[in-house]
Amino acid sequence: EQLEALEEEKFDVLVIGGGCVGSGVALDAATRGLKVAVVERDDFAAGTSGRSTKLIHGGVRYLENAFKNLDWSQYLLVREALAERSHMLEAAGYLAKPLAIMLPIEQWWKVPYYYAGTKVYDLVAGAHTGVPRSMFLSKEQAMYSYPLLDASNLSGAIVYYDGQMNDTRFSLMVLLTAVQSGAVAANHVNVEQLVKRPDDGKIVGAVVKDRVSNKTFTVRAKTVINATGPFTDSLRRMARDPDGKDPGPSEENQADDLVVPGLGIHLVLPDHFSPNEMGLIVPDTSDGRVLFFLPWSGGTLCGTTDSKGPISMLPKPSSDEVDFVLRESGRYLNRRISRADVRAAWSGVRPLVRDPKSKDTKAISREHITEVNDGGMVTSAGGKWTTYRQMAEDALDMAIKINPSLQLRSGPCVTKGLKLIGADRAGIVCEQKFNVITVTLREDYGYDRDIAEHLTSNYGTRALQIAEIVKHGYPTRPKNLHPKRLVAKHPFLEAEVVFAVQHEYARTPIDVLARRTRLAFVDHAAALEALPLVVNLMATLLNWNRATKQQQTQDALEFLNTMKCPARDEP
């Protein structure tokens, strides 16, 4: 239905890119009363939006730099991000939660400095933040809260709070809320060419190709918004080309590129490397990068940020990067981490942008940029996950500003404070609501505690729909009150595959293993084990023949190969 609407209807806005910003634009446009479509060449949130550190944060280090350098713009960036943090925690309380983060301090004289810094962070956030205030912990209290800390050089610790989320599912819920509000969305649809009006060169749509059916068609729109993250410049080159095609990168046409890619490496370790409700961040490692240990999805997320690397849909950590993380971890923990502890390893490309205000062309901006090209295409670039909603609002405001016909149709932005799908049952306090669902799954459906909590924290009120799928049966399993796990040691269910195909636009096994569930990101070996079951179930649901099953399996294996920890000395 979505694909048919995409081909047959004419839209006010066509959004290219189905990550958090593209989905945010779709939701903003739909709730303003505009007719909007969004296309994504891979899966929704398959790129940068699904490979983040999972933090919803204002940026403690940005605030530090703002005061050190008397940089008002950095301060405003932190204030904006903290306001958006509050919004995200309220919009989908089942997917986004406050997280305590510990800063271990080795020299006692640094305690007042960090304590004052986190208190200012609290102050900038304001009164209604949705998170507790920061605090100081003595050495003994820090060791009690984080037992794996190395106590030999510890003087104490500061604990402050930010938010944490399941990034891919949060982005998906933004998109599904947009669809619920009237948007049209399609994944695995690639933009082959931008359509330009012959008389004035204005961009009025795109020629797209459905990568599943291989069908090509034209999507017509009054304006186009580029929200493609690291791939921003590829679409900007298409917009500059007279025929609307991508001429490919060259020294000449890359001169005006906005994006400067930065890689962030992530390793997933067993859950005992971090307490369930406490993360650890070391702000200054031996080379100045940040080291973090964060509890996430039944494991511990560990890594650094801001290394250099090429733009890719499947970035992979290098062996040297893994060695660095393992080596640095030994400086702060009382237990050595080895490659054998790593369950999964992956990278994300952060789309930093060149600072247009700086005379230095290599200067990087931490702010987002909204740009309009000669053909009227609006580009949103830079920024970070936490500010996705504001980026979307700014991009749509710009599109409306340069298109008088949209000004007559559009209402004001209403996304600030808007609840996402799954958090939409009125009349019950958020915490009580989700606790009630967890209890219902355990008491009325007889689910194990880990399954009930997993479903509630990933689907919110819609967790009960998955329980009903199990209760009434599906093609490969008869009616049953007891859910079947994809693998024994994780709470992901067969019924989630059915739900993903029927309600969440999953079209490939990796859509399910990597993004509707997060199994591929949490445990590489478990994802390999679950792959045949997922392929067979999707083949039944989507009527795949043998050749399609083989191709889907091969594609999934190729993807999963990028999620395993590289061997020593592997490039």
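The backbone N, Cα and C atoms fix where each Cβ goes, glycine too.
Curation plays no part in TrEMBL annotations; they are all automatic predictions.
According to TrEMBL, the compositional bias 'Basic and acidic residues' annotation covers 234-248. Within its own chain, the compositional bias 'Basic and acidic residues' (234-248) is flanked in space by residues 16, 191-196, 203, 206, 226, 228, 256-258, 373-375, 377, 379, which lie at least six positions past its ends and keep a Cβ under 8 Å from the stretch.
What TrEMBL lists as domain 'FAD dependent oxidoreductase' is 12-389. For the domain 'FAD dependent oxidoreductase' (12-389), the model gives a mean pLDDT of 90.
Sequence annotations record features per position, and here TrEMBL assigns domain 'Alpha-glycerophosphate oxidase C-terminal' to 413-548.
The region 'Disordered' annotation in TrEMBL covers 234-256.
Applying DSSP to the domain 'Alpha-glycerophosphate oxidase C-terminal' (413-548) sorts its residues as follows: 82 helix, 4 strand, 50 coil.
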